[in-house]
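S.K.: Reproduced below are the annotations present in TrEMBL:
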COMPBIAS  341-350  compositional bias 'Basic and acidic residues'
DOMAIN    7-66  domain 'ZZ-type'
DOMAIN    74-126  domain 'SANT'
DOMAIN    79-126  domain 'HTH myb-type'
DOMAIN    79-122  domain 'Myb-like'
DOMAIN    356-451  domain 'SWIRM'
REGION    341-365  region 'Disordered'
Amino acid sequence: MAVEEAGQMYHCDNCQVNVSDSVRIRCHECEKFEEFDLCAACFAKGIEIGRHKKTHSYRIVRAWQLIEQHRFPIFTEDWSADEELLLIDGLRQFGMGNWRDAAEHVGTKTKEECEQHYKDVYVASEDWPMPDMNKTFSVKFARTAFEKRLKSNPNKSKVLSSQPSNHEIIGYMPGRLEFETEVENEAEQVVKDMVFNDDDSPEEVELKLIVLAIYNSRLDRRVRYKNFIFDRGLLEYRKTQAAEKKRPKDERDILNKSKVLARMQTREDFNELSTGLLNEQTLRHRIAQLQEWRRNGITTLEDGSQYEVERSQRLSRRANTLRDSAHLLERLHRIAAARAVRESGPEQHKAGHYHGARKPNQASPDIESAEGVELLTKSEKAMCQKLQVFPRPYLVVKETLLSEYARRGSLKRRQARELVKIDPATTNRIYDFFVDSGWIKTPEQAAEVLATAARAAAAKLAPVDTAATAASAESAEPAAAAATEPASAAASAAPAINGLAAASTVASTS
């Protein structure tokens, strides 16, 4: 076993980490040719370099168990001769006053300890620049508190590396200007085992050259992608996101759609194109705004500004009105449902009243424990139980059909099937249920209600004989249906329809 040289630094032959003050593994077989040391991490991975194999015999060398000849103190009890040599060598190599690099070169002292020791031993010496060479000590080995801490923390040295976590872009290593996964990341696989032999035929050589040309083209593509990323500033992800969030939604959509053209243009051309598209969008919006002003008779910018303010206020009021109308419509639906239940009686809403009964072998859903069942009436629960429809989907269908009815004033069976994309038979039964409950009026029923209201209004205005009144009312039905307001028709209708007619008026007005 060779004796370690005094003041020598040791590095891992694989990762180059300093192992002078920590545990290192020395290959016993490679030591015959040259020293080969590995740190504990590389040894655990089974690293093989050159003639070294992971099956070679080895020995463990510990920093506090080195067989050295110069561990005795010469100037102070806490500095060994090896440390003195390393300090002087570090100052000569890195320059006087560079205490940080000198301390790393010593390996067992901090930069403050190195600076203070040099001032006490060398600068303050009476024989400056030489220290006092006549000191004697009773201890055999110099041992410092730092060396005692080595046993509990042998891996003191911090390896400088560029990890993906050092940057906001995952996988990017800024210290190396590389990515953890490159474009064409598997390009090297086709050439890693390629060898040009002396006995290769011309065809084999030509084939290998073609493979190398393909490999070079893939490398060129990798370089183009990286240059594009660096040139366009795509690594500043947070800055780019913050700038995009400040833009309106329509501008963000235009920029996102135009990004596909970025690779075909230079940075200046793409920026000019993006600016032009945004300006075009701004001009289009301005032209549309001016055209709207002209249609409304506005000829000055002051009137246009006032119009925009009033328009925003109208939109806000309309949104509030629609929201309030929706709540009112739901309330009227519940009132109408409750009235229909009271007027129809319990016998008409028994299970099996609608279009046949449930098949005996068909499993019935548990409606009573389903979500939203508390929002249904007894008749609605019975219908959902028969149709095997859960409350939540039924409420969605109900809201869709009644909202469309409130908007139109009437609703056909075909229109209901077009609105609700479910089984047509189920939609027809739900539609029939709403009609029977008085929640929805068919076009014929709506026309009859309006005709009745027209006849009543005509009778009040011109009291004539019954036959003439009936004839004039029948001939005036189309005109009365177009001219009579929904509110007056609803006022003349039956009490059970009064709430739904009022909801239709509110919805059509808003």
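Every residue gets a Cβ built from N, Cα and C, even glycine.
Nobody curates TrEMBL annotations by hand; they come from automatic prediction.
Can you walk me through where each of these features ends up in the structure?
M.R.: Regional average pLDDT for the domain 'ZZ-type' (7-66) in the model is 77.
Per DSSP, the secondary structure of the domain 'SANT' (74-126) breaks down as 35 helix, 1 strand, 17 coil.
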S.K.: Does the domain 'HTH myb-type' (79-126) make contact with the domain 'ZZ-type' (7-66) through 3 or more Cβ pairs under 8 Å, each pair 6 or more apart in sequence?
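M.R.: These two stretches do touch.
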S.K.: Per DSSP, what is the helix/strand/coil residue tally across the domain 'ZZ-type' (7-66)?
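M.R.: Residue counts for the domain 'ZZ-type' (7-66) by secondary structure: 12 helix, 13 strand, 35 coil.
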S.K.: With DSSP as the reference, give the number of residues of the domain 'SWIRM' (356-451) in helix, strand and coil.
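M.R.: Per DSSP, the residues of the domain 'SWIRM' (356-451) fall into 61 helix, 0 strand, 35 coil.
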